[in-house]
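Chemist: Just dropping this structure here.
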Amino acid sequence: MASPPSSGQPGPPPPPPPPPARLLLLLLLPLLLPFAPGAWGWARGAPGPPPSSPPLSIMGLMPLTKEVAKGSIGRGVLPAVELAIEQIRNESLLRPYFLDLRLYDTECDNAKGLKAFYDAIKYGPNHLMVFGGVCPSVTSIIAESLQGWNLVQLSFAATTPVLADKKKYPYFFRTVPSDNAVNPAILKLLKHYQWKRVGTLTQDVQRFSEVRNDLTGVLYGEDIEISDTESFSNDPCTSVKKLKGNDVRIILGQFDQNMAAKVFCCAYEENMYGSKYQWIIPGWYEPSWWEQVHTEANSSRCLRKNLLAAMEGYIGVDFEPLSSKQIKTISGKTPQQYEREYNNKRSGVGPSKFHGYAYDGIWVIAKTLQRAMETLHASSRHQRIQDFNYTDHTLGKIILNAMNETNFFGVTGQVVFRNGERMGTIKFTQFQDRREVKVGEYNAVADTLEIINDTIRFQGSEPPKDKTIILEQLRKISLPLYSILSALTILGMIMASAFLFFNIKNRNQKLIKMSSPYMNNLIILGGMLSYASIFLFGLDGSFVSEKTFETLCTVRTWILTVGYTTAFGAMFAKTWRVHAIFKNVKMKKKIIKDQKLLVIVGGMLLIDLCILICWQAVDPLRRTVERYSMEPDPAGRDISIRPLLEHCENSHMTIWLGIVYAYKGLLMLFGCFLAWETRNVSIPALNDSKYIGMSVYNVGIMCIIGAAVSFLTRDQPNVQFCIVALVIIFCSTITLCLVFVPKLITLRTNPDAATQNRRFQFTQNQKKEDSKTSTSVTSVNQASTSRLEGLQSENHRLRMKITELDKDLEEVTMQLQDTPEKTTYVKQNHYQELNDILNLGNFTESTDGGKAILKNHLDQNPQLQWNATEPSRTCKDPIEDINSPEHIQRRLSLQLPILHHAYLPSIGGVDASCVSPCVSPTASPRHRHVPPSFRVMVSGL
C-alpha cells in the first residue's frame, strides 16, 4: 500500500510497525472488500471545483443513516460543513487547491465504521486528514490507528474523555470540548460562590466515571473538599440518602437524563432540594428531557409536580454551541449571522447542537492545510501537498504541527488546542419555571467566569451553603430576667439592712437583749451573703470572660455555703442555749454567754472552710462547655444553631456535692431536734423554736424542690437561674421575717408580754411587782413544772398549819395573861409545836436566813433562849426560873414576830434579808421569791 517516493527526492523513512488497531484492519480486510464500492461519496451541495484545480481530499466519517439515533448529528451538521467549504472556496484560501470532503457513513457501528475507514483508504484518493467521529466506540478504534497511517483526525462531536489520552491517541483532535472540559468551569463556579465542600453522585458508566475521576484531580489542591463520593447502577435513592447523611449540600452529578429523573425523585423523597441544596448536573440533555422520562419516573411513585419541584434551580453545565459575542469570526461573519445562514440552508433537516463545531472544524482543516503548504513551500524539499501518501511520515508530522498551531476566533469562540483538546467556552444554565435559562459562561482560554446579571436565581435569599453552617451560640441568661431578679435581691438586702438597723438600735431593749442581738446580727449577715450570691449566679459568658467565669464558680459557691451556715448556725446556736438551760436536770445555775455561741458558729464555719479548701485544692471547679444537638435558626436562615452552655464542674462533682449536702442536712436535722426539744419553753423572747421549725421546713422543702427542678432544667439557663434565685430569695426572706417580724410586732405592741412566764398565775400584787422587778426572769420546762406544783400544794398545806398554830399561840397568850398557873401546860403541850415552826425553814434555802436572824437575836438575849436555863440558878433562885409566867410572856412577845419573818420567805412571803421584824411582809414589792432550787442565772440575755 505504500506509494513510491517522488522522483528525484529521497524516499520517506519506513513506517513503524502497525499498531493493534491497524493490525485489526488488515485482518478484517478480506471481509470489508466486498462492501467497498458504496462506502464513500462527495460532500453534497458543494459547488464543483475548477477543472484545473487539484483537490485536497478529506475523509469524512460520521453516521448519516436515519436508522441510527446519532445519524441526526451527521445530517444536522452537513449544512454547516457546506457553508464552510463554500466560504473557503470563495476566499481562495487554499489556491490553487480546493477542499474535497468525501463522506463515509459509520452508522455508529464498530464493524461498519472500520469498513468505511478501510474503503476510504483502499478505494479513495489519498486523504490528507480525517474529519468526523461521532460515536465514541467507533471513533476510539479508528483514532488509535491513525498514527500508522500518518493521518490527523479532527472530530466535532466526540466528547468522551477517553480520547484525551495523547499517548494512545496522539493524532486525534476535536473542536468540541471534552466532557472533562466542564470540570475547570465547575471549579470556577465553586470558587465564585465560595463552595468548599461538595459531594459527587455518579452513574456506573465509563463516560461518567472518567469525568468524576478527572474532577477529583481538578479539585485536588484547590482547597475544595469532596466529602462524599457515591455511585449507583440503577437505584440512586440509597446513594442520595447517604449524601444527605453526610450533610452534602452541593451535589455534582454525572448521569444521563433517564437516571436524572430517578435521582430527582429520590431527592424529593429525602427533601434534598430547595434553598439548602444545589444540584449541578450535565447540561447536554435533550430539551424538555423531563417530559420524555416522566412516565418512567412516575412508575416509581414520583408525581410530575414532585419531580419539577426537586429539579427547580438545578444548574446544568455544557459546552456553548455558539459564541454569544458579537464579533466577526474567521469567515467574516458574526456567530449570529452564521446561525441565520445555517438555519436557512438546512431547510427540512433537523438542527444539531454540533453544527458550529463542524463549521469551525472545516475552517481548522483549511487553516491547517494552508500552514502545511507554507511550511512545504519554505522547505528545501519542494514537495507538494497533493503528493502526500499514508506512508509519508514527514508530511504527516507537518500537518500535525500545523494543527497544534491553530488559533482563531470561530463561531463557537476562540479555537485553540491544548494537547489536542479544544479550549472552548462552557455555558451554565439553570432550570427556572420549567425551562432552562442561560446564567453564565466560562472561557477556558482566558480562564474567566462570567455570571449574567440577575439571571441566576436561588431558592433562598442567598446561595446555599456548602454544608450545614453550625453557629455555636452561648445560651445566655436574659438581661431583663437578670435585672428583675437583681431588683428583688436588692429589695431583700434592703429589708435585711432594715432588720439589722432595728436590731442594733433596740439591742438594749429587754426583748432584743434576751434574744441575743449578736446572734441576730449573724443571721442577718448570713442572709445578706445568700442574697449576694444571686448576683454571681446570674453572671455568665455574656457578661464576663472565661477566666472570670471560672473564678466566679468558686466565689459564688463559697459565699452561698458560708452564708447558709452563718444564718442557720447562729439560729441553731440560740436554740441550743435555750435547750441547755431548760433541760438542766441538775437544776443548778447555768451561765451561757454569747461568746460561747460565737465559738459554736465559728466551729460550723470552720467545717465549711475545711470542706471548701479541700475541694479547691484537690478538685477545683472549672468552666466546662456542654454542646447540645443542633437546632434550626429561629430567623429562618440557612444555618443551624448549636447551643452551648457553661457549667461549673469538676472531675468528682457528685462526691463533693454529696459531702456538702450531707453536712448541711445534718445541720438542718440538728436544728429540727433543738426546735422540737424547746417547743414547750413559753418565753417568746428566748424561744424561737416555733419559727425555727417553720424556717427549716420551708427551706428544706424549697431546697429539695429547687435542686430537683434546677437539675432537670440545666439545659435552660434562664429557667435554672430563675429557680435558683427565687429559692434563695424565698428562703432568706422567710427566715429573716420569721426571726425578726414577731419581735418587731411585739416590741411595738406589748414589749413586756414576751418576757412573762405564762405558766405562772400570780396575784394582782405579784403581777405589779413583776413589772417593777429588775432581776432576770427564767422559765422552767414541763418536768420541773409538775414538781413545782407539788411544792405549791405542800406550801398551801403548811400555810393552813401555820394558821392553826397562830390560833393556838393566841389562845396560849391569852391564857398566860389570865392564868399564870398554866405555864406547865404550855411547856408540855406546845413545846413540840414551836420547835416544828422553827424547823420549817428546812424546806427552802431562804429559811436559813431567818434562822440565822433568830439565832443572832437569841445570842444577844441569852435569857430568852428556849431550854437554855442554868440548873444552878434555877435551884438557887426560883424567881429567876425561865418557865415563870413572866418569862414566857416576855419571850413570846419577841419570838412570834421573828418566827413570822423567818418562815414567810419559804412560802413566798417576805425576803429573808428583811431583818426587821417590824416591817410588814407586804411592805416591799421586791421580795417575792420562787424556791432557790429553780433560780437560774441567764447571762447576756
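Cβ coordinates come from backbone N, Cα and C, glycine included.
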Chemist: What range among 247-268, 555-576 does TrEMBL describe as transmembrane segment?
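Modeler: Of 247-268, 555-576, TrEMBL gives transmembrane segment for 555-576.
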Chemist: Take the transmembrane segment (718-741) and find every residue of the same chain, 6 or more past its ends, with a Cβ under 8 Å from one of its Cβ atoms.
Modeler: 477-478, 481-482, 485, 488-489, 492, 495-496, 499, 502-503, 520, 523-524, 527, 530-531, 533-534, 537-538, 560, 567-568, 571, 688, 691-692, 694-695, 698-699, 702-703, 705-706, 709-710
Chemist: Which residues of the same chain, at least 6 past either end of the transmembrane segment (696-712), have a Cβ under 8 Å from a Cβ in it?
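Modeler: Apart from its flanks, the transmembrane segment (696-712) reaches 568, 668, 671-672, 675, 720, 723-724, 726-727, 730-731, 734-735.
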Chemist: Select the range from 479-502, 522-543, 555-576, 653-676 that forms the most Cβ-Cβ pairs under 8 Å with the transmembrane segment (597-618).
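Modeler: The stretch with the most close Cβ contacts to the transmembrane segment (597-618) is 555-576.
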Chemist: Take a look at 479-502, 555-576, 653-676 and tell me which one has the most Cβ pairs under 8 Å to the transmembrane segment (522-543).
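Modeler: Top-ranked stretch among 479-502, 555-576, 653-676: 555-576.
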Chemist: Please report, as numbers and ranges, the same-chain residues at least 6 past the borders of the transmembrane segment (479-502) whose CB is under 8 Å from any CB of it.
Modeler: 520-521, 524, 527-528, 531-532, 534-535, 538, 718, 721-722, 725-726, 729, 732-733, 736, 740, 744
